[in-house]
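Note sheet for the following structure.
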Amino acid sequence: MRSATFFLVSCVLMSFVLSHVKEVEAGLDPMAANLRVRKDIFIGGCGRDGNKTCMKDFVKKGGVMNKPISCECDNLGYEHLCRCNFS
């Protein structure tokens, strides 16, 4: 009897876990899976608009074809760290 109870409880718990995983997967953005993230450090600060600063830095480094979709900028003293998404 104990093993049957244990089996039923295990099945119920597994169904809860699997349904939660399906909910999480349904909430994922399929476009986010196609984005590539690149990081680089550049000289100078982020300025007033770090997103534009990082985009300009990546274009200067690799040309117009190297333009990111969006960026985040962090000041590191005399340098700044850019984390950018590319398609």
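We count from 1, first residue shown onward.
Cβ coordinates are placed from backbone N, Cα and C, and glycine is handled just like the others.
The disulfide bond annotation in Swiss-Prot covers CYS46-CYS73 (among others) and is backed by similarity to another entry. CYS73 (disulfide bond) falls within a strand segment according to DSSP.
Summarising the environment of CYS82 (disulfide bond), the number of other Cβ atoms within 10 Å of its Cβ, over all protein chains shown, is 24. Swiss-Prot lists CYS54-CYS82 (among others) with the feature disulfide bond, giving similarity to another entry as the kind of evidence.
For CYS84 (disulfide bond), applying a Cβ distance below 8 Å and a minimum sequence separation of six or more within one chain yields VAL37, ARG38, LYS39, CYS54, MET55, PHE58, PRO68, ILE69, SER70, CYS71, GLU72. Annotation comment: Swiss-Prot describes CYS71-CYS84 (among others) as disulfide bond.
Sequence annotations record features per position, and here Swiss-Prot assigns signal peptide to 1-26 based on sequence analysis.
Shown are the disulfide-bonded residues CYS46, CYS54; of these, the residue with the fewest other Cβ atoms within 10 Å is CYS46. Between the C-alpha atoms of CYS82 (disulfide bond) and CYS73 (disulfide bond), the distance comes to 5 Å.
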